[in-house]
Amino acid sequence: MKYPNLLERFLTYVKVNTRSDETSTTTPSTQSQVDFAKNVLIPEMKRVGLENVYYLPNGFAIGTLPANDPSFTRKIGFISHMDTADFNAENIQPQVIENYDGGVIPLGQSGFNLDPADFASLHKYKGQTLITTDGTTLLGADDKSGIAEIMTAIEYLSAHPEIKHGEIRVGFGPDEEIGIGADKFDAEDFDVDFAYTVDGGPLGELQYETFSAAGAELTFQGRNVHPGTAKDQMVNALQLAIDFHSQLPETDRPEKTEGYQGFYHLMNLSGTVEEAHASYIVRDFETEAFENRKAAMKVIAEKMNQELGSERVSLTLKDQYYNMKQVIEKDMTPIHIAKAVMENLDIQPIIEPIRGGTDGSKISFMGIPTPNLFAGGENMHGRFEYVSLETMERAVDTIIGIVSYQD
């Protein structure tokens, strides 16, 4: 095996519970991420050859592999996140399936199976080594596969000084899954020409377009009276919430959109006759379409208040991140390099928009163009998550190829 420590490194990482917590007020949101960075990652960063390794109060573990050839003038960064998504991450027991036969994979004793009839992506991996869950937790390949791949690439470069490269900066950060990990990222400290998040899915993914994103919070104020005498007096806040939602386009929902189509997504609805609350996320790719979606919500709220004769609908909109294409398309160098490297490795680049966001969405707007590379995970964020060891190895190949690339 070209990278003999990759599998064991990955298994070590995923067994540590680093689930983030969106209700927390601390950074990182969970102490487990701090402990993972300080007790697991930082010692290993030093072991694999990174220098000037340190932990920042923003939750990022940072390190540098110095250039070994002055003709490589670009400084390149690689970033992955430590936290895992909002699914059980306690006592993760990964299964290693060698030489996958293409059939059904029982997930431990859970009664759940990875079945190609349900997950057609499995057909691509016959004969490969797969790492799965035992059916009771997620796996955490999102994004501990990325961390393991970056760490392994650095280890390989340190052991092979004949591979010439420029300065490499590495950052492992918190809370990507709850959308705040990059909020406090120190771009000035990281100091690279461009970077890559290693946080994508299947082999070949290369992404530089994300949604632009906003959150919408609505409060509906009702008036509760006895239902027996409610005529022309009661205002049902729950009905107001329903009325608001019904005025959004029925086709513009996550379950009915794909590709470059945006949406409104009702995330939470709660309340009583007296008061109700609704939370939405708003997503689109183009700036004009994104702004139009937010404006449409304002128009609906204003119209309802006008019809009701009082301010019973309150809307608060907050932008979360923007499509990093706006930054990256100004200089496509990181895309051209990654694409050329993949093609040299006989990897077919898959350049498609991310129907979501990455840490790179925010970091790009901090002045460091940061597209996203594949890390290998499939079915992420749940019990059916799995990753191919061979795809992880190819990700390591790609990282090494990028840093050693000369125009």
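The first residue you see is number 1, and the count goes up from there.
Backbone N, Cα and C define each Cβ position, glycine as well.
These come from Swiss-Prot:
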ACT_SITE  Asp83  active site
ACT_SITE  Glu176  active site, proton acceptor
BINDING   His81, Asp142, Asp199  Zn(2+) 1 binding site
BINDING   Asp142, Glu177, His381  Zn(2+) 2 binding site
Other than Asp142, Glu177, His381 themselves, what residues in this chain have Cβ atoms within 8 Å of the centroid of the Zn(2+) 2 site's Cβ atoms? Thr84, Ala85, Asp86, Phe87, Leu138, Asp143, Met380
Neighbouring C-beta atoms (10 Å sphere around the C-beta of Glu177 (Zn(2+) 2 binding site)): 24
Local Cβ density at Asp83 (active site) - other Cβ atoms counted within 10 Å: 28
Tell me the Cα distance separating Glu177 (Zn(2+) 2 binding site) from Asp199 (Zn(2+) 1 binding site), rounded to the nearest angstrom. 11
Taking Cα atoms as reference points, which of the recorded positions His81, Asp83, Asp142, Glu176 is nearest to His381 (Zn(2+) 2 binding site)? Asp142
Judged by the number of other CB atoms within 10 angstroms, which among His81, His381 is the least packed of the binding-site residues? His381
Give me the non-local Cβ neighbours of Asp142 (Zn(2+) 1 binding site): same chain, 6+ apart in sequence, Cβ-Cβ under 8 Å, ordered along the sequence. Thr84, Ala85, Glu177, Asp199, Ala375, Gly377, Met380, His381, Glu385
